Structure formats: C-alpha cells, structure tokens
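Student: Annotations for this protein, taken from Swiss-Prot, read as follows:
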- 4-185: domain 'UmuC' (DOMAIN)
- 8, 103: Mg(2+) binding site (BINDING)
- 13: site 'Substrate discrimination' (SITE)
- 104: active site (ACT_SITE)
C-alpha cells in the first residue's frame, strides 16, 4: 500500500506578504491586479475570505464584497525563491516529489524508513520544518493515493493535517460530495446533479455502462475516484513538453472583454505552474486555445522565448478572429518548454479550482 503526502501551503502568496508586513495580518488582503485594469484576484488571506473574496475573482467584484480590501501586486520572484527553499526541505524526506505549483506538491514516502516508516510523522515533521525555516504554515493530507491525499489536505486548513488510512479510505470517499473530486468542475457537477448524483456513493450505485456513456472518457475517471481508485504514480522525472491551464465555463462567454478577463484570471495560475516546472521560466512558445459552443476548438501557438502576458493577448485576438458568432465555453493558455526541460507535459483544468 502506498503512502502519499500532499503538502499545500496556506494562502501562500498572501502568507508571504503577511509574514513580511505584519500590518497585513489582521486585515483583508489580496494579491492581484487593480480593478481599473480588469485585474483578477490571485489569492487572498482568510480574513478576506470571510467577506466572500476568492481566487480567480474579478478585483472589481472583490472590492464590492470587501470595500476595505488591501490589494498588493505580488512578488513572484520571491514566491519562487521560497518555493525552492521548501522543495529542498522535501528532499530531506524523499526524492519522489511531484510539484503541482509553487505552493503544493505530492510526496511519495512509501519506501521511507524515517520515523519508522510513518507517513503521518513524516508529514508532521515536514510541516514543522517549513514553519521553522520560512515562518509559513502548510497543511497536509496523508492517504494511500494521490487524489485522496489532495482532498485530505484541505480538510483541516489552515495549518492542519488529515490522515486517511487504508482502513478508513472507503468510508471517507463514499461520503464525499462529487465536487470535491479533482477535475469535477461546475459544468460536470451540474450534469451529475441533474442525474441525481451528489456523492461518491451515488455514483457507486449507478450503472457503470450508462455512466460511461454519459461522460465519455472522463466517465471511468469519476467512476474510479468514487470507488477510491487512483493508481497514478507521481510524475517526477519524465520529459514535459508543455505546461497549460484552462477553464471550462459554466456559461458561454460572448465578448472579447470577457475573454480578456479570463486570460487575466488564468495567467497567474500558468505562471505558478511554469515556475514549479521550469524555475528559470525557459520557454519556446506561447499558445491560446478556445473551445466554442459547437464543441469545435482552435489553437493559436507561436514561437516565443520570453514569457509575456501581452503576447497572450495578441494570440487571443488572433484566435477570436476565428470565432464568428459562436459562444466560447473554454479558454486555455499554454507554453511550450525547451527539449532540455526535465519535466513532463501537463494541462490543468481549473473549472473546479478550489480556494486555498
């Protein structure tokens, strides 16, 4: 039985700013772009979340929810530097590490002899080391597989740990709301709910063939997760060709302005994933993908060796010329990596993005 730890830093960017600026600790704080430039919230502290502020929210709307919100632009170079410091802490415990972004990673400690092989004690010690050396808190999930560990890390946030043992995993999974499953976003969740499916137990009681017919290739994934099955290994050393983020929309968007706002929302996520995969931000291309409401899609990708948000806007304009009168149901950004990048291809779907 495997022992997987998911470490997730607590409101990472905001936590760094509060650490370095104590005056921010007890006030609503967010990292993101300004409202007058159609900015988007990258993350916020827990004080701001009490007002309903969330990541990927338009800054202008966040200001309406919380007029006293303090907004700072963020310091990505510093966040990346601290992330590398945290990664070095991970390496003291295992070399089987799959970074997901600057603020979260999977660790496989199945073969570790530290703490007599106790994944729980290893996770506790990792959290201790992170706090002692960075003055930042991390939450941890411990489980026999990746997706359960990821869900568990969110159970006792902030600054908590949740352990799901092989004996308790089935009971934990079957009561989960389907929206908790990574990859199940608003669109998929609404379809599940319309079928009368709300928990993993509901999926278990549903005929498999009918379920797969309804959801296509994603059907077996939801089915497996609902049964607590996730046999994916950690991605630690294969060649990554690209990094991308995309979001499927609950409602089609129809204007260029809405597409630009979505680009602003996705860009910080892409930057975070890229910095985890390629700390020097080495790229060889940038691309934009649009999927239309007739399920046709278009991708515009050009060689570009310096990451540039403005260039994404140029690519988006080119892609929008192919739209005609169709609505847009998915927007994606991607970068191609040099062949020397010792990482693997991955696209992240943020239709279900959780607030950390």
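Think of each number as a place in line: the chain as shown, counted from 1.
Using N, Cα and C of the backbone, Cβ positions are placed for all residues, glycine too.
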Student: Quick check: in three-state DSSP terms, what is residue 13 (site 'Substrate discrimination')?
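Tutor: Where residue 13 (site 'Substrate discrimination') sits, the three-state DSSP reduction gives helix.
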Student: To the nearest whole angstrom, what is the C-alpha distance linking residue 8 (Mg(2+) binding site) and the residue listed as 'active site'?
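Tutor: Residue 8 (Mg(2+) binding site) to the residue listed as 'active site', Cα-Cα distance: 4 Å.
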Student: Expressed to the nearest Å, what is the distance separating residue 104 (active site) and residue 13 (site 'Substrate discrimination') at their Cα atoms?
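Tutor: Computed Cα spacing between residue 104 (active site) and residue 13 (site 'Substrate discrimination') is 12 Å.
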Student: What's the CA to CA span in angstrom from residue 13 (site 'Substrate discrimination') over to residue 103 (Mg(2+) binding site)?
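Tutor: Taking the Cα atoms only, residue 13 (site 'Substrate discrimination') lies 9 Å from residue 103 (Mg(2+) binding site).
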Student: For the domain 'UmuC' (4-185), report the average pLDDT of the model, please.
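Tutor: Averaging the confidence scores along the domain 'UmuC' (4-185) gives 94.
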Student: Which of the three DSSP-derived classes (helix, strand, coil) applies to the residue listed as 'active site'?
Tutor: strand
